[in-house]
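S.K.: Can you keep this structure in mind? I'll have questions shortly.
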């Protein structure tokens, strides 16, 4: 090497020794990194000082001696590039200027954020399929990590909602419609919109956020009015009703006609809109026989119909806004009213009422107390005339009819079973029908309460144990006494078979093939077997003198099973009622006690001739319709009323 190159190197080294210098001017650091060590060392000549120049990133750096430190924890979202401006001065003169750059690297440290927590959106019911319901700009989330790619997922909350809506793409949160909406089926649907800043759920770091979407289906006018009752064929189309009715000839009914399956009534097929319906007749009303209420839909008669004929009316139900309408058919038959009779669904109605009830007390339904007993007749040919049927009790002054309800009309001071005839009259056709009413008048015991319980369960158990022990001792003592006094008789008779004892007391002579439909008597409590009664004589046999060993016949009317005293004798709980048709009309009913030979009285129940095949001759105890005379003087035993039927 020659002299000149060496001299040049010497001059450069000498120049460098007189200015500031650094080994590196560019750095890369991940955000959120805290550096405690110096970023770099600065070479500063002895006669100079180094400071931060005015173009340095504010508060980002500091100089301690000849070392440069990073003064902050960098954040990519706030500042992605930091700059340190170094000035070397000799006195007030700037000798050298250096610039050091720090590039902040982005790290996934921020979750995505929705600008809303809940978004509620209205969707018209008639929105076209594949249409965008909510645009992407309304649903997208924001992420401060600038390089992050967001991934969206739509999760249904309302079952079946995912069949109607979906997202345009995994990175595009626009909501689109996939299926036609149905306000009646799903008027409101809720979703959870999930966003994540990584495609893989388990990747770290990963952040997510959720928001709630509520879609309100706004009803559209898609369906016409439907006449009720209607049946849905596919969940969208309702097959509407047609109406039928009957009216009597020669009569003009004052009120609205009763039709089957119900009154003329239509509703807007779009329930969410529920537009008011206006009714009118299109055809079939040319002669002016019928008219219809525009707002109510009630069909009424404008005049009577002289002869039987059939009317076919076309009725229109139109929305008040005139947008849509439907038409249905109403068929009205004018029938001859002669021979049309009302009918009772039941041949016997049973009720109960408390002993001591005064006038105006409702009789309760015995099958469903405390519901009031209601007696209702129907005219099958003219159901429109059911409201014209009136009711009255013909043969018992203790009760009266109030419409279809049974009320007391006197103070009831005698317990027992009372029978009455209820007559129904159709005021239009003049047809009548009767049925039998049975009322049980008894004391109604109050339901037990906690205050009525005087003994605890343990005390009752101890008492039961003591009573059981005493009963066992009594049985042992009884066995010893029987064996002591009658042991020899038992031994001598032990080889003899016992003769079978009769088990029932049905008098076969009074039963016919067609007349044995009676309810069984209540089962008796366990008791010693009574002695076999003598066989009763047929109805037409000559009366015989009572045997010396038989009790004298009594003329007292025996009580029925419903009112028999709660005693221990078999006659208190086993009574048999049989009946025989009388040639002059009515029935002959005989009550037997347990001992047939003791008491056998006859009570004659006369029924109207029209009820021979009706309600009066159905098989039930005490089904007579007229007053019953029994015992001396021809009066019933302790009857509360002079015209009451009482057993």
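Just so you know, glycine gets a Cβ as well, placed from its N, Cα and C.
All TrEMBL annotations are machine predictions without curation.
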S.K.: Which is it, of 391-413, 414-436, 437-459, 460-482, that TrEMBL names as transmembrane segment?
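M.R.: Residues 460-482 are the ones TrEMBL records as transmembrane segment.
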S.K.: Sequence-remote contacts (6 or more beyond its ends) of the transmembrane segment (460-482), Cβ cut-off under 8 Å?
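M.R.: For the transmembrane segment (460-482), the list is empty: none.
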S.K.: Looking only at the domain 'Cadherin' (123-227), how are its residues distributed among DSSP helix, strand and coil?
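M.R.: DSSP classes over the domain 'Cadherin' (123-227) add up to 7 helix, 40 strand, 58 coil.
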S.K.: Could you give me the DSSP helix, strand and coil counts for the domain 'Cadherin' (264-344)?
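M.R.: In the domain 'Cadherin' (264-344), the DSSP-based counts are 0 helix, 38 strand, 43 coil.
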S.K.: Let me know the model's mean pLDDT on the domain 'Cadherin' (27-114).
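M.R.: Averaged over the domain 'Cadherin' (27-114), the predicted model reaches a pLDDT of 92.
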